[in-house]
Amino acid sequence: YSNIIIDTGLHYDRYLREVIDFLEKDQHFREKLHNTDMEDIKQGKLAKELDFVSHHVRTKLDELKRQEVNRLRTLIKAKQDLEGGNVDHQALLKQFEYLNHMNPHTFEVDDLDRLIKSATKDLENYDKERHEEFKRYEMMKEHDRREHLKTLDDEQRKKEEEHYEEMRKKHADHPKVNHPGSQNQLKEVWEEADGLDPEDFDPKTFFNLHDTNGDGFFDEQELEALFTKELEKIYDPTNEEDDMVEMEEERLRMREHVMNEVDSNKDRLVSLDEFLIATKKKEFLEPDSWETLEQNQAYTDEEMREFEEHLAQQEQDLNLKSVDLQKQREELERQQEQLNAQKMELQQAVEHMEKLKSQKVEPPPEVHSEFLCVSVALLTVLKTDSVNVNLLLFAVQGNVVPDTHGGDNQLHFAQEGQQQQVPQAVPQNAEDTPQEHKEQNPDLAQHGAPQTHQDLPPGHQDAAQGQHNLP
């Protein structure tokens, strides 16, 4: 079974290989592994033998599982960060069915059973997924070619089409390709790769020569190596017309064909017995011709149409998203400009307050009012940022102390623990008496507002006196 897991291409390939490698170090398990039918392995009968492996191997398997669980956690975290937390956890967990993530500490029989079944299923689907990926590659290549033609004028388009047809014909002009796995194909390898006389061809000797790891089986990689000579007839990496991605797809097609014809127990391996039986069949001695990729287009016209419609929809969605992002950017820039203007107004108000303070002049009510309006507007934007609150405290220290009450984004003013009213203008007529002032301003009298300069609170007397001295 360990032959199956060499370079599987599965996302848990390393974990799979390490588990099998350590299990094979246990003599009891290794014997069971080589004597158990593949169908029994798929049904989970081999997993039960885990209870009989040595303590050292079990301890190592526990460690391997913990490392794999940590790796998966890292992958999930990275996916969440990439997608902004919008992750389908059920779909993610489905990808990790090859282990029991509910028990991240120890490797149990259930873990081995899950690993074997998942690997078997995923390997069976792996070739299908590779074919689908290749189909998308071919359709995208054709789509790009068509889009390029749209950018050309009539004369250029005609030349491009002629060049394209010339390259296709040149690619199709190659020596005959032998049917993969046929006597003619293997004899050619025997002669050109092994340097032996084709008249002396012997299937058993050929098998032993190309069973490179000597385990008595052809695995997928050993089989694919046999097709290199055939592929070199079709593809040359130095030729413009030859696509190396297509070459690998051709290699995959050849390997699949031989496996379907020769691998009778469907264990993805070709044993010596299976190979010798296949060499006696008529298909081996008198094979049909092999149709290469250029004779079998990877996609239909309908698939190409649907593919291009899907691309057009994707492009439309991206354009809409781009427009939306541009609008968001413009709105942010507008808000930033507004914020900068409000900051400038606040700075000018602060500088004006400082200038008046340095001259020991009490700012008139309209200055207070202007300053407060700008401050409240800016702090509303800044969400009462502490730095700006401190700036306000500094600007009005000694007279008005701004106080914010959480959450309402409103400024309240107090001095020495009392509610501070905005000072009213001192009567300009020197003949006005305190009583007359009360009568003219009943509201002030009712609230006990200061009646004389001497009655003003500390810090206001000098400012009031200064108002009389102003020109």
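If you go along the chain as it appears here, the first residue is 1 and each next one adds 1.
Glycine is no exception: its Cβ is also placed from the backbone N, Cα and C atoms.
Quick look at what TrEMBL lists:
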COILED    311-359  coiled coil
COMPBIAS  145-168  compositional bias 'Basic and acidic residues'
COMPBIAS  417-428  compositional bias 'Low complexity'
DOMAIN    198-233  domain 'EF-hand'
REGION    145-182  region 'Disordered'
REGION    417-471  region 'Disordered'
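Note on the domain 'EF-hand' (198-233): mean pLDDT across this stretch is 93.
When the domain 'EF-hand' (198-233) is classified with DSSP, helix, strand and coil residues number 23 helix, 2 strand, 11 coil. Note on the compositional bias 'Basic and acidic residues' (145-168): DSSP counts are 21 helix, 0 strand, 3 coil.
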